[in-house]
Amino acid sequence: MGSFRCMSPASPSWSGLLELLLCGESLSAAQATDLMQAWLSESLTPVQTGAFLAGLRAKGMEAEELAAMAAVLREACPLPCARPDRFLVDTCGTGGDGADTFNISTAVAFTAAACGVEVAKHGNRSASGKVGSADVLEGLGLNLKAPLQLVVDAIPAAGVTFLFAPAWHPALVNLAPLRRSLGVRTVFNLLGPLVNPLKPQAQVLGVAKKDLLDPMAGALQRLGLERAVVVHGAGGLDEASLAGPNDLRFIEAGAIRSLQLSPDELGLATADLETLKGGDLDCNQTILQQVLQGRGEPAQRDVVALNTALVLWAAGIDTDLSSAAARAAEALDQGLPWTRLETLRQHLAS
């Protein structure tokens, strides 16, 4: 009986591309671009789309594929105006760590803004039945249906804004039912943090799996970010953790370097993951409000300060992480991040 051999046709059809994936081969940037454009134009059948999503998930994503697909999605966003001529930073993770923490990266966005960073946070509702950034911010009164122009104008007004992903990526709405029916995480969970339509120059991006550090760092590098940090936290968090050493990739001037960082190196106490637990929507709203007002538990305050320090580095505001963490902790103790959220809420309600 003859053995099956994978073929690599010079100009593969959709079935040819799928065969490449099933054989464990990666797509070129051009092929990844074509595939994403086909998805956006609804040129593929649901069966074909499901097969590609499964094939990419089974193979694993490469930096070149992620960057090519992200570039297509970012260009497809309906911008209400020219991109703001400002140095912007995003704080967004892939999710999927299963740790059920409170909304740490959301707290970080407002804390970084209180420290002088201009933040354009890209986020969505939770896809897992937990509480996503959009869920908790809407619960605290943020208008997710605000006109896109108003969302952009919030940056100079509040120092921070929130880009609700479905409002900026309407072309992906048609794929949502199929993604839900698959019931597993797909490439779109990885693309979410890469497709901020305002194209921030810097970013802190958390990944729940250590083997995603290099592909995501490589994607950010290819997308041309000036400075970025990709972090996989101790205990499997998709953000820096207080539980032990965190694995980091720093991207600066086109180069990537690896680093491990423990909280005690920044003068922060180690803490068990249980101290960072969230709960249902009401619980997470309460925790977020308390943390931003300076009334959070010590571990909640410290984990936000730790992650905010990475944002301050990415923004170029403070390149000494210990000093940056202290600066973030001071802002939290004074309740300054809550003022930023209140200003944003009022702006989006106008």
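Keep in mind that glycine also has a Cβ here, set from the backbone N, Cα and C atoms.
For the recorded site, SER105 (5-phospho-alpha-D-ribose 1-diphosphate binding site), the DSSP three-state label reads helix. Within 10 Å of the C-beta atom of SER105 (5-phospho-alpha-D-ribose 1-diphosphate binding site) sit 24 other C-beta atoms, taking all shown protein chains into account. Sequence annotations record features per position, and here Swiss-Prot assigns 5-phospho-alpha-D-ribose 1-diphosphate binding site to GLY93, 96-97, THR101, 103-106, 121-129, SER133 based on sequence analysis.
Swiss-Prot lists GLY93, ASN124 with the feature anthranilate 1 binding site, giving sequence analysis as the kind of evidence. Shown in sequence order, GLY132, SER133, ALA134, PHE164, ALA165, PRO166, GLY192 are the residues of the chain, 6+ apart in sequence, with a C-beta less than 8 angstroms from the C-beta of ASN124 (anthranilate 1 binding site). In this structure, ASN124 (anthranilate 1 binding site) belongs to neither helix nor strand by DSSP; it is coil.
According to DSSP, GLU239 (Mg(2+) 1 binding site) sits in a coil region rather than a helix or strand. In sequence order, GLY93, THR101, ILE104, SER105, VAL108, GLY206, VAL231, GLY233, VAL303, ASN307 are the residues near GLU239 (Mg(2+) 1 binding site), counting only same-chain partners six or more apart with C-beta under 8 A. Sequence annotations record features per position, and here Swiss-Prot assigns Mg(2+) 1 binding site to SER105, GLU239 based on sequence analysis.
The feature anthranilate 2 binding site is assigned by Swiss-Prot to ARG179. When other Cβ atoms within 10 Å of the Cβ of ARG179 (anthranilate 2 binding site) are tallied across all protein chains shown, the result is 19.
Cβ environment of ASP238 (Mg(2+) 2 binding site): GLY93, THR94, GLY95, GLY96, ASP97, GLY206, VAL207, ALA208, VAL231, HIS232 lie under 8 Å away, each six or more residues apart in the same chain. Look at Swiss-Prot and you will find ASP238, GLU239 tagged as Mg(2+) 2 binding site, backed by sequence analysis.
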>> Rank the binding-site residues HIS122, ARG125 by how many other Cβ atoms lie within 10 Å of each Cβ and give me the one with the fewest.
In response: ARG125
> If you measure HIS122 (5-phospho-alpha-D-ribose 1-diphosphate binding site) to ARG179 (anthranilate 2 binding site) at Cα, how many Å is it?
Replying inline: 20
>> Helix, strand or coil by DSSP: which one applies to ARG179 (anthranilate 2 binding site)?
In response: helix
> In Å, rounded, how far does the Cα of ARG125 (5-phospho-alpha-D-ribose 1-diphosphate binding site) sit from the Cα of ARG179 (anthranilate 2 binding site)?
Replying inline: 14
